[in-house]
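Per TrEMBL, these features apply:
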{"type": "DOMAIN", "residues": "1-86", "note": "domain 'DOMON'"}
{"type": "DOMAIN", "residues": "91-288", "note": "domain 'Cytochrome b561'"}
{"type": "TRANSMEM", "residues": "124-148", "note": "transmembrane segment"}
{"type": "TRANSMEM", "residues": "169-187", "note": "transmembrane segment"}
{"type": "TRANSMEM", "residues": "199-219", "note": "transmembrane segment"}
{"type": "TRANSMEM", "residues": "231-254", "note": "transmembrane segment"}
{"type": "TRANSMEM", "residues": "260-279", "note": "transmembrane segment"}
{"type": "TRANSMEM", "residues": "320-341", "note": "transmembrane segment"}
Amino acid sequence: GGDSVVLCKTAPTRSSLNISVDAYWNSGKTTPTLLDPSPAGVVIDPNGRYENGDMYCSFSQSVQTTVASNKFDLYKESYFVLLAAGPIRNDGTLAIHTVRGAPGSAVNLTSVEGADLTGEALELAHGVLMIFAWVAAASSGMLAARYYKRTWVASTLLGKAVWFTIHRGLMALTWILTIVSFLIIVIKEQGFEKGYHPTIGIIVLVLTFIQPFLAAIRCSPNNPKRIWFNWSHWLIGSLAHILACVNIFLAFDLWQASEIGYYIFGAFVIFYCLSHVGLQFQRYMIEKSERNSTSPVVDGKSDYDLLASKEASGSGLRRMMFGLTIVVNVGVSIALCLVFSRSIGGEPLTEWTDAT
């Protein structure tokens, strides 16, 4: 808020004859207020044009001006140059912008220099790493641990059970990406900011950080206290995953990204939940069938205990589901990263039906 705005727009016909350039004042996350007449010192060239899908407008501003009772001195002060683009509603009013850009530092407008976009690059890197950490890696790794312990039983990977190697590898990747992403945003912000997104992010970081250390001190599978590790490991991991997904939704609002991002991520959440439901139902049916077929204990072990080390029925379906899960999770991650990158600069992923 508190921004002097010069806005270039065209009517739905997208014709050079319908281009207008006006001065506005932005007081916050609301529609900017038209300043009519334009403030003294802000000279607008009315001869805008529309060519090959691009609009061209120009204006000049005195070194010292007063806009909406706010003084601007381009000699003494440096300012952030904010760029944004968005649709115009059919009634001619402004809709929320879908593309925006801002330098990482304030710019002296009386000198010729390039704007530093390092800040945006760091924010984008933070978002990309977090998306791949929690949508691609964590979502796949957590499914492997819960539903695939009796799949690929006859095989090993890196000397361990296949499910365990997959789970450990993907969760280690999640751990690394989360920490690196956190360090990137701390460097960009030069500290911590207040708000829901940063606060939830710190909680996710703490929960993620302690997981491998908790796993390192776990007791043996036969230890009566092992159940405490199993529950705590599951609870911490699930809570971190849920909060990370919530934070991704919040990030769309922070970046004011295209609505298609909400649809893509919403579809992913539905797919992920349905995957849990389907795999859990299969697991329930398998365990029910095996439980009904168990015989009395022989030599301290029942048939059900012995079956736990054998390939469960429906293995082919589970393998196909895991392959589909990897494809969907990686595909959604790439799509979300494109949405985030387009919110910084360039055209949004959807065609604008109204003029811009």
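Each residue, glycine too, has its Cβ placed from N, Cα and C.
Curation plays no part in TrEMBL annotations; they are all automatic predictions.
Away from its own ends, the transmembrane segment (199-219) comes close to residues 171-172, 174-175, 178-179, 182, 185, 192, 225-226, 229, 232-233, 236-237, 239-240, 243-244, 246-247, 250 of its chain (Cβ-Cβ under 8 Å, at least six residues beyond either end). Look at the domain 'DOMON' (1-86): DSSP puts its residues at 3 helix, 48 strand, 35 coil.
Through the fold, the transmembrane segment (169-187) approaches residues 122-123, 125-126, 129-130, 132-134, 137-138, 140-142, 144, 201, 204-205, 208-209, 211-212, 237 of its own chain, all at least 6 residues removed from its boundaries and within a Cβ separation under 8 Å.
Non-local neighbours of the transmembrane segment (260-279) in the same chain are 135, 139, 143, 146-147, 245, 248-249, 252, 318, 321, 325, 328-329, 332, 335-336, 339-340, 348-350; each lies 6+ residues outside the stretch with a CB under 8 Å from one of its CB atoms. Mean pLDDT for the domain 'DOMON' (1-86) in this predicted model: 75.
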